[in-house]
Amino acid sequence: MTGKDGIYATEQRVKDFSFDANVVEVFPDMIQRSVPGYATIVSTMGKLAGQFAQSNSKLYDLGCSLGAVTLSMRRNIAKENCQIIAVDNSQAMVERCKMHLGGFKSDVPVDVQLGDITDLTINDASVVAMNFTLQFIPQDQRLAVLTNIYNGLKPGGVILLSEKIIGESDQQDNLLIDLHHDFKRHNGYSELEISQKRTAIENVMRPDSLSTHLARLNEIGFTQTQVWYQCFNFCSMVAIK
Ligand SMILES: Nc1ncnc2c1ncn2[C@@H]1O[C@H](C[S@+](CC[C@H]([NH3+])C(=O)[O-])CC(=O)[O-])[C@@H](O)[C@H]1O
Ligand SMILES: O=C(O)C(=O)Cc1ccccc1
């Protein structure tokens, strides 16, 4: 059983955030209380995967954590001969993800892999999902990661990309941050937890602005890009090859 997120509840010398065994233990509670609309985003990504899955193709869940998006996609795939490849570079996440997926039955095979998405071969893909993962990749490697995804997609294939974003100006950014912190407060996080978590993620998670995301997807060659969700500084896009 996973528990309640109290990782930053006590005052501490805050270390860089990492997806270790302690985070795995509380991850469902942490992400649910930290990302507005997380459940809606995961279920909609499943619907979109069902819509864009092609027969005889692969669907990828990059930065799969405990496999929430994999499960959601798997529930919605109706095409024949599809396979899901779920990848994460946290050993603790991958171990728990395998246990988690094993608890549900499905005809769609899932391969959970420990690996780095900056170093992954993608081919014959109809759907590539990245639900809040690109933000942890160093900014100077994001173009290469997305280009690799584009090259591995079949025509008509899609990337499903969710990201925390920064506002287009400092004023807009502060407005979004304030709204997000209110959301976290409302979900029971204290001022200390909010501020220590902010410190923990500032060196490891560097969000881009929405305009940066859209320009980069366009530059790579995605022709149809649609924002289908935004609440505060959390945004989900679909882009079609
Ligand atoms: N280079 C990398 N290679 C592989 N995995 C990585 C890398 N960098 C970070 N990760 C992994 O990306 C995941 C990001 S969490 C995704 C939530 C999930 N998608 C969900 O829908 O529940 C988002 C969040 O916690 O904000 C973690 O499991 C990291 O180990
Ligand atoms: O918690 C936050 O403030 C976030 O921005 C989202 C988040 C959720 C889980 C891990 C890292 C960041």
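Quick reminder: no glycine exception, Cβ is built from N, Cα and C everywhere.
The following features are taken from TrEMBL:
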BINDING   TYR38, GLY63, CYS64, SER65, ASP88, ASN89, ASP116, ILE117, ASN131, ARG198  S-adenosyl-L-methionine binding site
DOMAIN    61-157  domain 'Methyltransferase'
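Ranked by Cβ neighbours within 10 A across all protein chains shown, the binding-site residues ASP88, ASP116 are led by ASP88. Across the residues of the domain 'Methyltransferase' (61-157), the predicted structure has a mean pLDDT of 97.
The Cβ of CYS64 (S-adenosyl-L-methionine binding site) lies under 8 Å from the Cβ of THR70, ALA86, VAL87, ASP88, MET93, CYS97, VAL112, each of which sits 6+ residues away along the same chain. Among the binding-site residues TYR38, ASP116, ASN131, the ones whose Cβ sits under 6 Å from an atom of ligand 1 are, in sequence order, ASP116, ASN131. For the S-adenosyl-L-methionine site, whose annotated binding residues are TYR38, GLY63, CYS64, SER65, ASP88, ASN89, ASP116, ILE117, ASN131, ARG198, the maximal Cα to Cα separation is 25 Å. TYR38 (S-adenosyl-L-methionine binding site) falls within a helix when secondary structure is assigned with DSSP.
Counting every protein chain shown, the number of other Cβ atoms lying within 10 Å of the Cβ of TYR38 (S-adenosyl-L-methionine binding site) is 19. Taking a C-beta cut-off of under 8 angstroms and a sequence separation of 6 or more, ASN131 (S-adenosyl-L-methionine binding site) has the following same-chain neighbours: ILE41, VAL42, MET45, ASP61, GLY63, ALA68, VAL69, LEU160, SER162.
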